[in-house]
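Trainee: I'd like to ask some things about the structure below.
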Amino acid sequence: MGFFSRIWEWLLSLFWNKEMSITILGLSNAGKSTLIRALMGKPTEDVVPTIGVETNTFTKGRVQIKAWDIGGHKQFQFLWPTYCQNANAILYILDAADEEAIAESIIQLHNLAKDESVGKVPILICGNKEDLKDALPAAKLIERLRLSEIEGHDVALFTISAKEKTHLDSVVNWLVEHA
């Protein structure tokens, strides 16, 4: 990139940068922390699961994203609505190859969407681990999760592999649109 291009980019950033806050939710072992590391461009091997709450900030394009990674263990799930209240978007990560996790996610997603304290925050569901042979494709996940029944929220679903860093551009584009 040339000198003048860098100056132009810097000048634009002074006027058009946006900030957004996202809350990342999902059951244990869904890949939430791995997804954050992938979005930050960090290695995705040997990721330690979140205990409690962790925050990370990263920039994509002209958007600075503050991500609240909430642990998926049952003892932390009561915190989910609290961290969604002021978010620009919710990322719900689920293991698309785990039937039990999908069944539990139906309950968790619908309860979250109905919670008045959450408001009308947009929800992006990421069917993670699409690299596994048992992973359900997007159309099946949309049907199984009964996403058409969720009202009052802009809802979308993408299948991804946080570990392999596939289809993350769709996630980033969706986030930037909702900044």
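Cβ atoms are placed via backbone N, Cα and C, with glycine included.
Keep in mind that TrEMBL annotations are predicted by a computer and have not been checked by a curator.
Annotations per TrEMBL:
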BINDING   Gly26, Leu27, Ser28, Asn29, Ala30, Gly31, Lys32, Ser33, Gly72, Asn128, Lys129, Glu130, Asp131  GTP binding site
BINDING   Ser33, Thr50  Mg(2+) binding site
SIGNAL    1-21  signal peptide
Trainee: Report, in whole Å, the straight Cα-to-Cα distance of Ser33 (Mg(2+) binding site) from Lys129 (GTP binding site).
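Mentor: Each residue's Cα considered, Lys129 (GTP binding site) and Ser33 (Mg(2+) binding site) end up 13 Å apart.
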Trainee: When DSSP is mapped onto helix/strand/coil, what comes out for Ser33 (Mg(2+) binding site)?
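Mentor: Helix, per DSSP.
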Trainee: According to DSSP, which kind of secondary structure is Thr50 (Mg(2+) binding site) found in, if we only use helix, strand and coil?
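Mentor: Thr50 (Mg(2+) binding site) sits in coil per DSSP, no helix or strand.
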Trainee: Which whole-number value in Å describes the distance between the Cα atoms of Ser33 (Mg(2+) binding site) and Gly26 (GTP binding site)?
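Mentor: Spelling it out, the Cα of Ser33 (Mg(2+) binding site) and the Cα of Gly26 (GTP binding site) are 10 Å apart.
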Trainee: Mind giving me a neighbour count for Asp131 (GTP binding site)? Other Cβ atoms within 10 Å of its Cβ, every protein chain shown.
Mentor: 15
Trainee: Residues with Cβ closer than 8 Å to the Cβ of Thr50 (Mg(2+) binding site), same chain and 6+ apart in sequence?
Mentor: Lys32, Ser33, Asp69, Ile70, Gly71, Gly72
Trainee: Among the binding-site residues listed here (Lys32, Ser33, Lys129), identify the one with the smallest other-Cβ count within 10 Å.
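Mentor: Each of the binding-site residues Lys32, Ser33, Lys129 was scored by Cβ atoms within 10 Å; lowest is Ser33.
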Trainee: If you draw a 10 Å sphere on the Cβ of Gly26 (GTP binding site), how many other Cβ atoms land inside?
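Mentor: Step by step: centre on the Cβ of Gly26 (GTP binding site), count other Cβ atoms within 10 Å, giving 26.
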